[in-house]
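What TrEMBL says about this protein:
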type: DOMAIN; residues: 17-113; note: domain 'SH2'
type: DOMAIN; residues: 123-222; note: domain 'SH2'
type: DOMAIN; residues: 259-524; note: domain 'Tyrosine-protein phosphatase'
type: BINDING; residues: ASP428, GLN509; note: substrate binding site
type: DOMAIN; residues: 439-515; note: domain 'Tyrosine specific protein phosphatases'
type: ACT_SITE; residues: CYS462; note: active site, phosphocysteine intermediate
Amino acid sequence: TIKHGTHIRYVGVSEKWFHRDISGIDAETLLKNRGIHGSFLARPSKKNAGDFSLSVRVGEIVTHIRIQNTGDYYDLYGGEKFATLSELVEYYTGNHGVLQDRDGTLIELKYPFNSSDPTTERWYHGHLSGPSAEKLLRERDEPGTFLVRESLSNPGDFVLSALTDEMANSGKRVSHIKIMCGVSYTVGGKEAFESLADLVENFKRKGIEEVSGTKVYLKQPYFSTRVNAANIESRVKLLDQTAEHQNEEGGDKKIKAGFWEEFDALQKSESKVKKSRDEGMRPENKSKNRYKNILPFDDTRVILQTGDPNVVGSDYINANYVKIGPQKVYIACQGCLATTVNDFWQMVWQEETHVIVMTTREVEKGRNKCVPYWPDPGASKEFGRYVVMSLSERDATDYKVRVMELAPLDQSEAPREIWHYQYLSWPDHGVPQEPGGVLSFLTQVNNKQMEFASAGPMIIHCSAGIGRTGTIVVIDMLIETIDTKGVECDIDIQKCILMVREQRSGMVQTEAQYRFIYLAVQQHIESEKVKQVACKVRGMEELWKR
């Protein structure tokens, strides 16, 4: 229960919902054409200078709510009062059922409809608070590191945050310099710039003088990995570029930039994650691990319920639950060994799994990647407490589909249908040349998963259960986020992988796999935009027919 006057800050609500230059009619057009139920944005009021309006998609219509700015606080002309517009929006986003239209219809603020970033430069971090910016910059610990973010106190303005070499109580001092945005961008004084990028480039050359007279220097940018999904194409182009830096000797030195840089930062971040993997290290379980150093974290591992409490390690399988937020749960695991096939089918049964995704061939380059854990076509085979019967097997483009029936040997419960999707077009080394085949494959897999109303987690594996498996899991998570929130939502691929790696170590193994995730999301966005255009055309055709 939230008491009157208590304001809770909800993490992850993006202030990119603020659109500085649109009218109510523009807002309606955007939300009707590209939003979904629950999409919303905020904008300056055209009627009352200083006030704002919330525009919200409710079903098929758009409703507008006036926000009063008294100079002391923000409110909806009565009710809760807030210090900033951001806090007001965060409150109503987190408390559904509070806002109602005049006729009693509930108004839900679910999905921020993001405005375009003012720049594609990677030093722009969008919605980031001052304390969060300070934390990032101090962790980097290199004076002169800087970033630009939205102003939370004055929507539409920006803040340049830079780490200085002066010491403060909590470490090196971070300077926050306000960037005002009207017709142009300025930090005050006579100088004005047409773009944020021009402003930053200018002060990179000569530094900025604070009111106190202290000079703040901008030496190296702190890059953001957050990106508006709809703008991912431009981000991919940026990341694909090769950067030229002056080396210490003064000569030109070409280095890998972009994807390599982001992936390298990812690797360094994961090295800080220290979690126990004691169960996998037990002598009794060593033979159950395909690779001796690729072990499941204890806190997210799948525990076999039929394990004998008197037999150490009998509840062990090299598999982890993986999820982000309220989205669906996955099980990521290694490819079966001859000694673990029975345990694998036990896991399938206890987790009520109906869909298994295998992203490797049984043997690649002469190396065993996974023991065939299914019977031959038309045959049945016993695996521990269960019997598996092959019902059908067919080849599709890039993959093979097997339909099986899994049942307890003692016939204590009814058989269950299992769909096994084996992706065959992943090359021995590297990644597929283009993501279309993987996206089509995932569409088929998810369509099948949705056919089972009470299905448990999808089980996804390759050989080690981290490289291709992690790539597939992260792509699927990101696509689900975009499909749920719309193509205008913010995504952070690096952050998504970090969260997944906290549940199973090493997920997404190579820079090539990291880049492939970006390309898969880019292609999905492109196809979604094509669908949106097709829907509009069909809608216009229907209108002409009437």
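Every residue gets a Cβ built from N, Cα and C, even glycine.
Note: the Cα of GLN509 (substrate binding site) and the Cα of CYS462 (active site, phosphocysteine intermediate) are spaced 12 Å from each other.
With every protein chain in view, the residue among the recorded positions ASP428, CYS462, GLN509 whose Cβ has the most Cβ partners within 10 Å turns out to be CYS462. The residues of the domain 'Tyrosine specific protein phosphatases' (439-515), classed with DSSP into helix (H, G, I), strand (E, B) and coil, number 46 helix, 7 strand, 24 coil. Across the residues of the domain 'Tyrosine specific protein phosphatases' (439-515), the predicted structure has a mean pLDDT of 95. DSSP assignment over the domain 'SH2' (123-222) gives 22 helix, 40 strand, 38 coil. Cα-Cα distance from CYS462 (active site, phosphocysteine intermediate) to ASP428 (substrate binding site): 12 Å (rounded to the nearest whole number). In the three-state DSSP assignment, the secondary structure recorded for ASP428 (substrate binding site) is coil.
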